[in-house]
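Chemist: Taken from Swiss-Prot, the feature transmembrane segment applies to 2-22, 371-391, 416-436, 445-465, 482-502, 517-537, 567-587, supported by sequence analysis. Residues annotated as domain 'Reelin' in Swiss-Prot: 12-179. Under the heading domain 'DOMON', Swiss-Prot lists 217-330, citing sequence analysis as support. Look at Swiss-Prot and you will find 334-533 tagged as domain 'Cytochrome b561', backed by sequence analysis. The heme b 1 binding site annotation in Swiss-Prot covers H372, H445. Taken from Swiss-Prot, the feature heme b 2 binding site applies to H413, H481, supported by similarity to another entry. Annotation source Swiss-Prot lists N-linked glycosylation site at N478, citing sequence analysis.
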Amino acid sequence: MNPLGLFLIYLYTCALTPVSGYPNGKVTSACRSMRPDHGHAPQSEPIHSINVEKTIFKPGDRIKVTLSGSRFDGFLVQARDAENLEGSAVGSFSLTDERISQLLTCDGIQNSAVSHTSKERKLQVELFWIAPANSPKHIQFLATVVEKYKIYWVKIPGPIISQPKAPSIAPKIPSSTIPVVPPPSLSLHKRFNSAGCGSSKFCIRNPVSCDPEHNPECFFLSFRKDGQSVLVEMSGPGQGYISFALSHDQWMGDDDAYLCVKEDDGVQINPAYIRGRSHPEVSSMDVLRDVAWRLEDGVIQCSFRRNIQIPIPKERFDLGRSYFIFLADGDAKDGLLYRHHRQPLMTNRKYCITDFPEDVGGSRSPLIIKLHGAMMFIAWMTTVSIGVIIARFFKPVWPTSSLFGEKIWFQIHRCLMITTVFLTVVAFVLPFIYRGYFSKRAGYHPHLGVTVMILTVLQPVLAVFRPPPQTHRRGIFNWTHWATGTAARIIAVAAMFLGMDLQALDLPDPWDTYTMIGFVLWHVFVDLLLEAHGFCLLKKAKTMEEDQIGILNSSPDEAEGHTFKKIVMTVYICGNLAFLITFLAAINQL
């Protein structure tokens, strides 16, 4: 397989990184509730059990605790005061197998909980609990067990152990083991439509002005204000889920999100909160009502109603304010969300969805990334290509013409190359401004970009130290200058091929690749044509007598050759600009 194919497979593999819960077991955020944010109700009847080696203990005792049952992926074990199961963890644990279990600090108490280290399947976990000096009279062990993402049990009650002579106690049921009944959801009988967009409801559509009733490829999100609540309708093609988020800025993080996840023959609808670039933290559905969904021909549709203002929790934003709005889709399996494989659709500014109804579009590429791509295309498709051809083939065309004290071909070449350096430097900085760091998910593209940047800066530095034409070092400079420039151009083209299909600037496939191949072939063809033309002129000159060579400089053949070069150059520039405008127009449409 060719390197480009391998790279695309690598990108696809990276794109399928799951945004799951905590496969590494670092679940300190769930210490008190012991509940994973998986967006599914826990199972009611536990199939796992907790056993202890003795039921009477004294402070300082070391008691063996065993969690066992059918195979499971993750777990969280704590000991709590049996008379206050909603309180803090009590005591500390030690491990018997650090390969599958790890100690956590909960409620500021070191080693007071134990969790898994990976998603490796387990049948049994053995631990030792150490009773503290100020231990309560009765201790009960609790365990949360995750069999797979949407199948888990919360606070499975274990045996109660007591200190000597402590009065008997009746077992209590932990609150999280009480089954949570989600609000009922209805099945939508017909598709959403765009009627009322911009007049009675706020709409976001991509492609612009598409109608989800007739176009299955339409990504559609609408908000209809109804008193103190808002009715939300969301539709789009999706293999696993579609979602939208309200954000204070144009970057992922600290966002109020809503997920519609395909599960078997239905759709699970949940609010969520996104902290930084981590996976969504699924929240309770209590804030949503009138939940409904529809699945048909690969299109996911869901609707729900929520109040404009929800004081608690704070993760639910006030819909009376303005936000950037994101609309994303991606894969999901067994309720497990995977990272979206393309850039989310995003509004170009903040909107208040409960203010005046509007009908807007969006972009899947941030403006700053569009500028990056546009500048790189201009620099490495047009300015550098024309500049190189001028330097290689047009020195004899204007042998005596000068501009500001330098030969005209050199001034044109220098102007185009300075423009290339300027555009490259500015474009190089833009992704770092947007990301804030060196992207690890962009494959080889950023590495090639850094290489191009180094070579681009090196070229004018070399030019400053260019030796005079008559010195022997001029030949070394010429070869070094040519090799550095050629390497930069080849690597830049490779970087453009890879960059066109990255998430942040995903140009339409497969025409983007074919168009870039067309540009490369066009440039190579013109380059070879001018090279062949020059070779023919040189061969013709060598066949002439020695006394005729001096006449060649002013012969009709030479003038005809110059005219041919000018015609070819004019046609080349027109073709080059056609390719460039095609790419710039595609970027503008993102």
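Cβ atoms here come from the backbone N, Cα and C positions, even for glycine.
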Chemist: List the same-chain residues at least 6 positions away in sequence whose Cβ sits under 8 Å from the Cβ of H445 (heme b 1 binding site), in sequence order, or say none.
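Modeler: Looking at Cβ-Cβ distances below 8 Å from H445 (heme b 1 binding site), excluding near sequence neighbours, one finds A495, L498, G499, L502.
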Chemist: So what sits near H481 (heme b 2 binding site) in its own chain, CB-to-CB under 8 Å and at least six residues off in sequence?
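Modeler: Residues satisfying the criterion: Q459, L462, A463, R466.
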Chemist: For H413 (heme b 2 binding site), write down the residues of its own chain that are at least 6 apart in sequence and whose Cβ falls under 8 Å from its Cβ; none is a fine answer.
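Modeler: Once residues fewer than 6 apart are set aside, H413 (heme b 2 binding site) is near G387, I390, A391.
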Chemist: Between the Cα atoms of H372 (heme b 1 binding site) and N478 (N-linked glycosylation site), find the distance and write it as a whole number of Å.
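Modeler: Between the Cα atoms of H372 (heme b 1 binding site) and N478 (N-linked glycosylation site), the distance comes to 31 Å.
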Chemist: Going by DSSP assignments with H, G and I as helix and E and B as strand, what are the residue counts for the domain 'DOMON' (217-330)?
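Modeler: Its residues fall into 3 helix, 69 strand, 42 coil.
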Chemist: Along the domain 'Reelin' (12-179), what average pLDDT does this model show?
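Modeler: On average, pLDDT over the domain 'Reelin' (12-179) sits at 85.
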